[in-house]
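Each remark here refers to the structure printed beneath this line.
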């Protein structure tokens, strides 16, 4: 390998045989040894700006390149002339790509809570789907229409007259049932009367006639034996 002015050279035979580092052939034509990999399309100036100043090129590097646009064209007027000693215009400072959201999650949660607080009882049922379709719900029923429960101090004695005592009406209208207390003697006499009425049997003849009939039957049985 021959170094001339900081550039490495080798013969074509050694370059093709991957022996450029051991090449000492100076008697033939030499070729410049290229770096491994793809050739760089960016000049050293653009590389330095990207590495040190965090600049981002807007496009491919056109500095000292054969792809430079024609003189006088629109692209030539807007191109960077940093290679001519002017300030570099082909690079811009990188900007953060963060986008501001329309609204924070906390604000949306507060709006939803305020909307729910403004609804009535029926509106909440419809919103939660408890009562089915909204057409079947009476929207006039709201919380303020309900009466508050009575406190202990507000109950009056005359309010007992307004109670529904329909279950006591049959007892008051039936005259056969007496509300007076019954004594023990009356209860016992009623019990004995009931028992005699159930145990007695009506017989069409008296006890004497039964005795006479029994004597006749017994004598008849004795004769037959």
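Cβ coordinates are placed from backbone N, Cα and C, and glycine is handled just like the others.
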From 1-40, 41-80, the residue range that Swiss-Prot assigns the feature DNA-binding region: 1-40
Cβ neighbour count (within 10 Å, all chains shown) around residue 25 (Zn(2+) binding site): 13
Cβ-based neighbourhood (8 Å from the centroid) of the Zn(2+) site, residues 11, 14, 23, 25 excluded: 1, 10, 12, 13, 15, 19, 20, 24, 28, 30
Cβ neighbour count (within 10 Å, all chains shown) around residue 11 (Zn(2+) binding site): 21
Tally of DSSP helical, extended and coil residues in the DNA-binding region (1-40): 8 helix, 11 strand, 21 coil
Residue 23 (Zn(2+) binding site): tally of other CB atoms within 10 A of its CB: 21
Around the Cβ of residue 14 (Zn(2+) binding site), the count of other Cβ atoms that are within 10 Å: 19
